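Trainee: TrEMBL feature annotations, pasted as is:
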SIGNAL    1-22  signal peptide
DOMAIN    27-73  domain 'LysM'
DOMAIN    82-128  domain 'LysM'
REGION    157-180  region 'Disordered'
COMPBIAS  157-174  compositional bias 'Low complexity'
Amino acid sequence: MFARSVVAAFVAAPLLAQVAFAASCARQYTVKEGDWCDTISAANNASTYQLAVVNSAIDNVCDNLQVGQTLCLGTEGEDCQTTHVVQPNDSCDLVTGTYNINATLLHTNNPQVDADCTNLYIGEVLCVANTVAVPAVASGSATPAIIIPATATPVSTTASPVQTSTSAAATETVSADDDEDLPFCDEL
Ligand SMILES: *[C@@H]1O[C@H](CO)[C@@H](O)[C@H](O)[C@H]1NC(C)=O
Ligand SMILES: *[C@@H]1O[C@H](CO)[C@@H](O)[C@H](O)[C@H]1NC(C)=O
Ligand SMILES: *[C@@H]1O[C@H](CO)[C@@H](O)[C@H](O)[C@H]1NC(C)=O
């Protein structure tokens with residue numbers, strides 16, 4: 001009898017952990033064949049950054065989704081559902097003007113977008129809410145969704161070229177300048 005209740009206690013712990021996750025997750029999504037992070041984001045009004053920050057199990061290049069896997073699209077109280085899918089020739093000015101928000105808010109809700117807005121790519125999903133709506137980057141962590149997918153197309157020919165070697169070199173320079181620890185850079 002004693003041994004049996006010990007086993008029951010071991011089983012109960014992971015179940016409780018799951019319930020805690022479900023309570024804070026506002027919306028869930030089940031991965032289907034052919035899904036890709038940005039298509040899930042676009043279809044469900046969950047920004048590129050939000051999907052990445054909420055689902056830390058998804059890797060930098062979104063190539064480890066499993067059919068049937070449950071993703072959280074947004075957490076309670078920090079679930080931005082006002083989104084914009086980046087189009088050819090979009091710019092941050094165009095986006096902020098269209099949705100009547102300021103650049104500070106655009107960058108707070110989309111921390112993967114660089115200060116000069118040179119790294120937008122077609123199909124990226126931005127949170128364009130008029131309040132701060134997404135979870136912050138955890139302190140000491142790399143910004144989720146900051147890695148541009150290798151297949152991404154920049155919004156215009158004047159935007160930074162999307163090349164792994166170029167972005168790795170650029171990131172290394174930044175890293176050397178401010179001593180930030182960005183372990184993923186070495187893996188590119
Ligand atoms: C996404 O937002 C658009 C615009 O507000 C809305 O028309 C659409 O129904 C929303 N889709 C989902 C899945 O919430
Ligand atoms: C984007 O801008 C370029 C250069 O101004 C123009 O040739 C092209 O037609 C534009 N594309 C779209 C989809 O507006
Ligand atoms: C940007 O907009 C937000 C929300 O309206 C506001 O709280 C903030 O003060 C604005 N920031 C600037 C720099 O205008």
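Placement of Cβ uses the backbone N, Cα and C atoms for every residue, glycine included.
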Trainee: Could you put numbers on the helix, strand and coil content of the domain 'LysM' (27-73), residue by residue per DSSP?
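Mentor: Its residues fall into 15 helix, 8 strand, 24 coil.
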Trainee: Within the domain 'LysM' (82-128), what mean pLDDT does the predicted structure show?
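Mentor: For the domain 'LysM' (82-128), the model's average pLDDT rounds to 97.
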Trainee: Within the domain 'LysM' (82-128), count helix residues (DSSP H, G, I), strand residues (E, B) and coil residues, in that order.
Mentor: 15 helix, 7 strand, 25 coil
